[in-house]
Structure formats: C-alpha cells, structure tokens
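Trainee: Okay, these came from Swiss-Prot:
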type     : residues                                               : note
BINDING  : Gly45, Ala46, Ser47, Gly48, Ser49, Gly50, Lys51, Ser52 : ATP binding site
DOMAIN   : 9-247                                                  : domain 'ABC transporter'
REGION   : 230-257                                                : region 'Disordered'
TRANSMEM : 294-314                                                : transmembrane segment
TRANSMEM : 541-561                                                : transmembrane segment
TRANSMEM : 598-618                                                : transmembrane segment
TRANSMEM : 634-654                                                : transmembrane segment
Amino acid sequence: MAETGAPLIRLRGVGREYPSGEGVLRVLTDIDLDIGQGEFVAVMGASGSGKSTLMNILGCLDRPSSGSYRMDGREVARLGAGELAALRRETFGFIFQRYHLLSEMTALGNVEVPAIYRGLPADARRARARDLLERLGLGDRTGHRPGQLSGGQQQRVSIARALVNDARVILADEPTGALDSRSGDEVLGILERLNAEGRTVVIVTHDPRVAARAHRVVEIADGRIVADRRTGAPAADPGPGPAQAPQPAPQPAPVQAPVQARVQARAAVPVLGRLAEALRMALLSMRAHKLRSFLTMLGIIIGIASVVSVVALGEGSRRQVLQNIAGLGTNTLQIFPGRDFGDMRSGRVTTLVTADAAALARQPHVASVSPTVGTSATLRHGATEASAQISGVGEQYFDVAGVALTQGRGFDEADVAAMGQNVVIDENTRTSLFGDGPALGQVFMAGKVPLRVIGVAEAQNRGPGGSTSLTVYAPYTTVQARYLGSTSVSGLTLRVADDVDMALAEQMVADILTRRHGTRDFFIVNNDQIRQTITSTTQTLALLIAAIAVISLVVGGIGVMNIMLVSVTERIGEIGLRMAVGARRGDIRAQFLIEAVLVCVIGGIAGILAALGFGLAFERMSSDFTLVYSPLSMLAALASACAIGLAFGYLPAVNAAKLDPVKALQKG
C-alpha cells in the first residue's frame, strides 16, 4: 500500500545505461523525482538529454538499470511482465508525437484497443470510445482511418485512446511536435482540462512555450535533472468547449484505487473473448495486406490441394482395380493345366476333366465349381460379322465368377446336359450384333453352329478405356462337342465357401487334384491374393505420392513462417503500441499465432476447393475414372493446416512477444 502522504510517483537514484561497443552509454544518472497525484509536470530538455528515456521508465515501457522507482508505494522493479502490462493498461495513458495509430483500423477501432486488453465487453468499449471521440470533436470521423485524418485529428484520436481505460496518469511525449500552432494549442488545452479533472499529466518537450503551460517544469540535461521549478500557471477551467475531455465513466477499478490493488485485481476476461478479438484483428491485418496474405497461403493451397487430390486419386484407383478384379469373382480359385502360365506343355495336359469338377463340388469347403473351355469363332447375324471368344462354362459359372446379367437369364443344368444351344452374350456382343434392337430370343451363327440368346451379361474387365472384346457364354458341353471334340477342359473356376480360409482351401484343392492325377500337372490362381497384392501396391503408391504432396505442404508451412517473420519486422511499431497500451506478451503471441493459423486454415479451405475443382475437370476429361474424395481426408487436411499454422507460426509469435516495447516503438 502507499505510504501516507507519499507521492504517486517516486524515483530515487534512477540510472539507465545501454551497452555501446566495449563500454556502456549512460543516458540517465542519479534521477531523484517526486510527482504527486494531480500534478501537471513538464519534463524539458534538448534532444538526447534523456527526457524520453525518463518518460519510458515512468510509463513502465523500460526498466532502470539502477535506483528505485515506486509507483503509488509499490516497487516497480519487483513487478513481472504481466503485472507491468496491467499497470500500463490500467494506470497510464500514452500520447505519442507520431501518434502510433494502427493504419488498418478506424479511429473508433484505434481508441478501443486498450479496452480490448482490459477485457471490457465489445458494446461497452465501443460506446466509451464513441463518446470520447464525440467529446473531442471527432464524432463525424469515427469511421475514418488514420490516413484520412489531419495531424491534429490523429493526435486527438490518440488522446481518446489514452483515456478509454480512464487512465490516472497521462504521459505525453512531444504531443505538439508534429502539429501546427493552432492544433498544438487545442491539444494542450485538452491536457489542461484532463489535469483539472484530477489526472496526473506529464509532458516531455523541448519547447519552453509548451513547458510554460504546465504547473511545474523539470529540466534535464546530459541525463541529470538540472532544475525543478514551479511555473505559477493557473489551473485550467474545465468548462464546456469543443475540445473538452469527457468526465470519467464508471470503470471496474475506481480512479483513486492504489496501484497495488489495481495490478493485483484481475478482470474476468473470458479467454474465448480475447481469442475472438485476436481473430478479428488478424482478419483486419490480412485484409490490409491482401496480396501478401494470398502469397503466404499459396503454398498451403497447393500443398492441401495436392494431398487431397492424391488421396482421392489413390482411392479412385483402388476402387477401379477392385472393380476390375471383381470380374474374376469373389473367393474364387482358378485351376489351369500345366506348371504355370506360359508352360509349353500345358496343351498336352488332358487330365483336367469335368469329373474333377464333380469331385471338388462334393467337398464341404467348396460352394460351387464350373468347368471352363474356350475357343474363338466368327459371329454372323444378318450382314453383321464379328470375331468373338466362345467361353464354355457350367450353369454355376455366373455365380462363381460374379458375372451379373443385365437381361434375361443364364442357361441351366438341362442345357449343359443336353449340349444345348442357348447362350448368354455380353454387352459388347449385343451392341455389335444387334445395335439398339432386342437381343433376347435372337439367333445368330457362331462358326457353323446356330445359337439362341437367352441372356445378356455385363462386359468384363472394364479398365480405363473399356474393353472391346466380344464374349459368348455357352454350355461347356456344347463347346466340347461342337467346337473342340474333346472331353478335357481348359480350366476350372471354383468358389470357396464364405467361412473357409482361402489359403487353406487352395491347399485342400491341390491335394485332391494331385491324388486324382497322380502328379501335380496343374496350377492354381488365388484371385483374393491377386486382389490383396494389387490393393497393397496401390496403397503403397498412393502413400508415396502423398509423401511428396506432404513435402509441398511443409514447404508451404516454411513459407508461412518466413512471411510471418517478415510481418513481425514490418509491424514492430504496432507490436510496441499494443504493449504500451497494456497488451500482455500472451496477447501478442496469441494474435500472431492465430494469424498464422488463420492463413493456413483459409489456405486449407481454398486448397480443398481447388482439389474438388480438379476432380470435376478430371471427370470431364476421363469418364472411365473417378476421383473419390473422402470427408475424413478433408478434415485431416484442415487439421494439418491448423497444425502447420501452429508449428510454423510459433516462432514468429514468440519473437513478437519477446520484443521490448521501447525498442519496438522506436523502430516502428
């Protein structure tokens, strides 16, 4: 607590020095100064005398290298960064020679900034800021940006900003230095009225005429106080006038509350509310630098679009491959004569016969079996001729191989037993022979054998570009007797029961046929193994391409970090101003971190839209292949964008939060 009768501000033996080469530069030496509540003090000195450094120490923007500074009885040197921010936010109001207004914000928005960090509700602080501007004669300029205001108007905006938190102490650094004489007199008149209301006003100036308006002048030269005198200036009449400052509005902390209580008191500032304000300010910054923001997020757009498109491409490829393999049947084994594909002696192997199919069909692990034989023939219908593959199969083949019928029916056991001439043709054959006309019931010649159409099956093995081969499915007995003149078959297609392991079933089939033939003169193709191998290969390729796309995403993140680091340098003055009006280091860090995340999220959304656009264009160019987009991959892409914003925005945000407010204001 403050000592009874103690001054509001007390400095004893305060010195400030900076490293300079191998030595130090002493700017202030043994400063002893007391300033009471309600005083109007001018600190006057030539350029380089140390007066601005003294003001920075008074306003807790800088720390003394030596000595003691007590504010309302509390030692300032013992305050942490957060407590100093609270002191600047709740006790001091700063007026700068160069105004330090944020160019992307309106006059009203600039005045609101300190109240944002104090945690006032949006409606309350907006009403407070508007009232201040109206009382300072800027009621019709609340929506103007700094570039649309004169110097005097900008300085009045900065005065309103200093008052929005009902500051007890006004610190003005050369407040009239950049103004004409009339505007300067208006500003000094406002400061006099503020002092008349009971506020402590400290002006830093080099102009004796400005200093003469104060009640007390402290002269400083070469870092030392050389004079401290009263001027005898009369107190200002706080009567009505266009430049009259507003009466203090009720605030969370009373005007006369001691600093210790004000620093320790913490307003109930909802975290979400502060984050919402940081988000709003980030949007304002992005809108003020549209091209830079777009170029920053361009790398993210490309990276996210690449990742989403590659995932969609991989899923589309996987489904296309599985669709093609589905033509081979589900849970199927195919048995062929010979040692393997390309066996020169396979044509002389005649031991694979229909009796093998019957033997396998009796096994409990086998759902169905169909012998297969094949030949080719020329089809004729009217004046139309076409070459086709004649596939001799059993009545169960369509179920075994998963061939779907689009019209009619398949042949039955009676057709197989009677070597009947009822056949099923595929869609390609139907189109080739009959065009758009009816196919069911039509008779055509296959070589010298007349065949009647009883069903139409979907075309098989449709990959990119489609298949143009013609296929006729006939009873295998018909093909053996009427085309081949042999009882052997070219293969067996077997469907395994759903609850049986494919590898075990393959081994059991091999054992049965080996016993029947006396040797292993056949080989087995496990379609599920092919499916798994191709699916695994497709996924591996998709992961490889996705890894390349992720690299582009990381490069985009590095670009975000680079631009944000540049942004910190460009906006160093803004950072200093925000700290001066009470922003915590966490507030600065959150603002830049949210800005980085926002850039990445907007870039991520744009990247997803770009990927969807690419998919539509791709479908127009290739109707046989479709990119399959996954909502999960899109959510993962947005999550990745957020993570990249957090990861690559952290360093710039930390750098911004570590800035010294004095150095930031000087460089800005």
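Note that Cβ sites are derived from N, Cα and C of the backbone, with glycine treated the same way.
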Trainee: Which residues of the chain, 6 or more past the ends of the transmembrane segment (294-314), have a CB below 8 A from one of its CBs?
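Mentor: Sequence-remote neighbours of the transmembrane segment (294-314) are 538-539, 541-543, 545-546, 548-550, 552-560, 563-564, 599-600, 602-604, 606-608, 610-611, 614-615, 627-630, 633-634, 637, 640-641, 644.
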Trainee: To see if you understand the setup: which same-chain residues, six or more apart in sequence, place their Cβ under 8 Å from that of Ser47 (ATP binding site)?
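Mentor: The list for Ser47 (ATP binding site) reads His206, given in order along the sequence.
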Trainee: Cβ-Cβ under 8 Å from Ser49 (ATP binding site), same chain, 6 or more residues apart: which ones?
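Mentor: The list for Ser49 (ATP binding site) reads Ile220, Ala221, Asp222, Gly223, given in order along the sequence.
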Trainee: List, in sequence order, the residues of the same chain other than Gly45, Ala46, Ser47, Gly48, Ser49, Gly50, Lys51, Ser52 whose Cβ lies within 8 Å of the centroid of the Cβ atoms of the recorded ATP site.
Mentor: His206, Ile220, Ala221
Trainee: Same-chain residues six or more away whose CB lies under 8 A from the CB of Lys51 (ATP binding site)?
Mentor: Val43, Met44, Gly45, Val204, His206, Ile220
Trainee: Under 8 Å Cβ-Cβ from Gly48 (ATP binding site), six or more apart in the same chain: what's there?
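Mentor: Counting only residues 6 or more apart in sequence, Gly48 (ATP binding site) has no Cβ neighbour under 8 Å.
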Trainee: Using a 10 Å cut-off on Cβ-Cβ distances across all protein chains shown, tell me which of the binding-site residues (Gly45, Ala46) has the largest neighbour count.
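Mentor: The residue with the most neighbouring Cβ atoms within 10 Å is Gly45.
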Trainee: What does DSSP call Ser52 (ATP binding site) in the simple three-state scheme?
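Mentor: It is helical.
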Trainee: Is it possible to get the count of other C-beta atoms within 10 angstroms of the C-beta of Gly50 (ATP binding site)?
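Mentor: Taking every protein chain into account, the count is 23.
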